[in-house]
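Summarising the annotation, TrEMBL assigns domain '3-hydroxyacyl-CoA dehydrogenase NAD binding' to 6-183. What TrEMBL lists as NAD(+) binding site is G10, A11, G12, Q13, M14, G15, D33, E92, K97, S119, N143, K274. Under the heading site 'Important for catalytic activity', TrEMBL lists H140. Here TrEMBL flags 187-282 as domain '3-hydroxyacyl-CoA dehydrogenase C-terminal'.
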Amino acid sequence: MEIKSVGVVGAGQMGNGIAHVMALSGYNVRLNDVRQEALDDALALITKNLDRQVSREKISQTDRDGALGRISTTMDMAAIGDSDLVIEAATEREEVKHKIFESLAPHLRPETILTSNTSSISITRLASRTDRPEKFMGFHFMNPVPVMQLVELIRGIATDVDTYDACLAVVNKLGKTAASAEDFPAFIVNRVLIPMINEAVYTLYEGVGNVKSIDMAMKLGANHPMGPLELADFIGLDTCLAIMNVLHDGLADTKYRPCPLLTKYVEAGWLGRKTQRGFYDYRGEEPVPTR
Ligand code: NAD
């Protein structure tokens, strides 16, 4: 089945990026959220990001106008049901996601493929609560979506080959690259990346280095474009902690225990860039290390 229309549920950081790249590649996109404000903000941000791509000569004015013309927003879940492919990109809470798939169910066509952009929740478990586990899979974009090349495609235990192939064709049409992952906690990228960040926090906790020296060491010593603590602030420390907990619970191995210092920062509400403070303090002109 060829995918022509895409419904995106959740218009936050990820949902607006997904709508942006889908529309730019020619798909008709319906973007849904429970908050009108989130839809308005998403459309404003997509417009701003497309304008930036025009000014950098990455896309033409016609591409920009075409993409914006292909995106519509709606708070009505029924309007999403008519899509060939649905990508759920709402808040990372399992109950929220189950409820979304439940309320979509009466409006879906039998052939519609359902996917989730979840960073960590079991695809098989999400699929098992829908009427179509064989047409359900993980479609995991990286942040920021318009910039990052990779999409992880995650098959649940029941996902059929046609569903996988249809999603792979979408990734190819976006000009992105797919990595195929099996449905185990945190899939591939976060399984490797988040424990590395957690280890960097242990290095800080044990006083092996301070924030600046740890980030500089990994940038210059391992050629990483960002230091691990700087990256943790970008991802969000609450998200990093949630993923460590998923790994710890799901794999039952003590090597995945979250660093107590990471927990402490989250308890303080120091969640990184989004709260202006994490391993760095972003309230001034320049980020200042907090340890
Ligand atoms: P976000 O908080 O920026 O946005 C979530 C949006 O979902 C909000 O606008 C919220 O109003 C909306 N929402 C909540 N309940 C809803 C419902 N019932 N129906 C419709 N919309 C609803 O979150 P985000 O960072 O965009 O993350 C979204 C998903 O993408 C999560 O599953 C997350 O794990 C995953 N993800 C995040 C990143 C990242 O770096 N932020 C990377 C890859 C995947």
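Quick reminder: no glycine exception, Cβ is built from N, Cα and C everywhere.
What you see is a predicted model, and the numbers here were worked out from it, not measured in a lab.
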Entries of G10, G12, M14, D33, K97 (binding-site residues) sitting next to ligand 1, with Cβ under 6 Å as the cut-off: G10, G12, M14, D33
Spatial separation of H140 (site 'Important for catalytic activity') from M14 (NAD(+) binding site) - C-alpha basis, Å: 10
DSSP-derived helix, strand and coil totals, residue by residue, for the domain '3-hydroxyacyl-CoA dehydrogenase C-terminal' (187-282): 66 helix, 4 strand, 26 coil
Sparsest Cβ surroundings (other CB atoms within 10 Å) among the binding-site residues G10, G12: G12
Rounded to the nearest Å - Cα separation of G12 (NAD(+) binding site) and H140 (site 'Important for catalytic activity'): 15
Among K97, H140 [recorded positions], residue with fewest other Cβ within 10 Å: K97
Local Cβ density at D33 (NAD(+) binding site) - other Cβ atoms counted within 10 Å: 23
Average model confidence [pLDDT] within the domain '3-hydroxyacyl-CoA dehydrogenase NAD binding' (6-183): 97
Euclidean distance between Cα atoms of H140 (site 'Important for catalytic activity') and G10 (NAD(+) binding site), Å: 14
Among M14, N143, the one of these binding-site residues whose Cβ has the fewest neighbouring Cβ atoms within 10 Å: N143
Integer Å distance between the CA atoms belonging to H140 (site 'Important for catalytic activity') and K97 (NAD(+) binding site): 15
For NAD(+): widest Cα to Cα gap among G10, A11, G12, Q13, M14, G15, D33, E92, K97, S119, N143, K274 in Å: 23
Distance [Cα-Cα, Å, rounded] between H140 (site 'Important for catalytic activity') and D33 (NAD(+) binding site): 19
